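Participant: Provided herewith is a single structure, encoded as structure tokens, for subsequent inquiry.
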Ligand SMILES: *[C@@H]1O[C@H](CO)[C@@H](O)[C@H](O)[C@H]1NC(C)=O
Ligand SMILES: *[C@@H]1O[C@H](CO)[C@@H](O)[C@H](O)[C@H]1NC(C)=O
Ligand SMILES: *[C@@H]1O[C@H](CO)[C@@H](O)[C@H](O)[C@H]1NC(C)=O
Ligand SMILES: *[C@@H]1O[C@H](CO)[C@@H](O)[C@H](O)[C@H]1NC(C)=O
């Protein structure tokens, strides 16, 4: 997986600063997938690059005779550098990319990025390693912001956060901040992977805050969580106000406003903290909420503004059953994909998604059956409609899923965990979608992977791998295969290209060795996991069912050659050319430039 879908969403939705300076020693694909949280738009997503430190810059050459004379490789390397496709490597482009990164990192203002603006945040508590745990333990509700002083998005949040702290002064909640650049251990303990990261602690348990970064939103969000969670409705006007103003409400029609029924309801409300819970004993109010005033109490109803507006609860009146009912029914049958709805999809506890792609002029034809099908999968699958002719967010998501044209196309997606996709085939009818959804839940569908067309000829030194010939080339048990996963726009990939071509040229006589590359933006394969571009993987012959080895040697011909000599299942040796060409004066510079890129990686 090059990117995950929710990660894509996050890039649309959130502004974050990267942490790469801070935790450069922690490299995992999970982290890499968070690196991009700070990109604001897909344009930025496609344009910028960030540095990923490599874990190890040195290669263990123990198995390779160190005295092997490899100078001929370097010399040829220098020589063929001249007139090689080096022009592809456009320094200016790369600078531009980093320019974008900087701007994004530090916000759009002209502020000196390292100068913290003056903010009066006297009501924001400063926490450090030494007093963090005690403080969290002794305060029931604490919001904590992990920030980096240099991060523009944190600077933008600071005055809002300070104002929220002041407004909430006297309530049962404290707003605190931790400078993650100083409190490294704390930031690690709380898995801080971008700035700002805001958590809300309730009795020591934390949950992320993903709401808007302004005072109003923070205050409203917090008030909801520190309030009683369950409110009385006694007046008709009050009931009317609630029904018109709130998007999702639960009403319990009880025998009494105090006692066990009310307690179960209050407990359920704490488990579903994005829905407002009310209780009443007034039959007229129950009626307004579409309950039969004569119904046996306790009764409960969930009312939302979207399709299928009313859901009646018919389970046992205990907190778990109520909470499950609300969980299954609170999401709209179909979520229309927008910037605003993104978080409800991706922060949902339901991870599996079924996405309908269609342009707006044909959507009305397909949405009704799609929506009808959704009723069978409440609480198990999220149904999302993506308007492909929306260039702002619909098109990028369609591109991510490899969907072209106006649709309709339906794709099931397992979410971020393994990122598998399944393509719906046939007419968009209720029964077919239902069968598709069932097959998806039971894991009976065949996954789909993006692929360019298989190239007609493929006899260059570097073999072209696409999704659909991956098995044939990369998983061929008789070959040792080195695979570069690149992106056309990636500067580091372009810088690597001449070296990679030279390596392939040197090794082309060796039958058991394949040097290959794959455009990771248009091709996918479950065995081609990459956490950025370029990713270089080695698949040893005779051992293709194991995970490949990630190659992180220096990006020079010699280093690659030594790596291959060490790891290839089928031993090989290059014959030194009879008369090695003389090195050009540029040899040295060419070489050092390439190795300086060894720890650089563009990410998507
Ligand atoms: C925690 O410790 C730091 C440094 O000693 C101090 O500045 C801060 O005020 C303390 N916070 C609380 C809530 O005691
Ligand atoms: C609801 O009413 C009951 C009974 O009057 C009262 O005990 C309780 O505190 C009220 N709850 C809220 C949130 O006001
Ligand atoms: C819908 O709009 C697209 C352009 O977005 C157009 O290509 C297509 O022909 C239209 N389809 C219908 C049925 O009008
Ligand atoms: C295959 O790869 C695994 C994991 O890298 C390794 O433990 C094993 O020894 C390899 N087997 C052979 C036959 O090379």
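Placement of Cβ uses the backbone N, Cα and C atoms for every residue, glycine included.
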Participant: Among the residue ranges 32-51, 52-71, I'd like the one that TrEMBL describes as transmembrane segment.
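Facilitator: Of the candidate stretches, TrEMBL labels 32-51 as transmembrane segment.
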Participant: Check each of the ranges 75-116, 117-158 against TrEMBL and return the one annotated as region 'Disordered'.
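Facilitator: In TrEMBL, the region 'Disordered' feature sits at 75-116.
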Participant: What average pLDDT is reported by the model for the domain 'Thioredoxin' (440-569)?
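Facilitator: Over the domain 'Thioredoxin' (440-569), the predicted model scores a mean pLDDT of 92.
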Participant: Let's see if you can do this one: DSSP helix, strand and coil counts over the domain 'Thioredoxin' (440-569), in that order.
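Facilitator: With helix first, then strand, then coil, the domain 'Thioredoxin' (440-569) has 37 helix, 26 strand, 67 coil.
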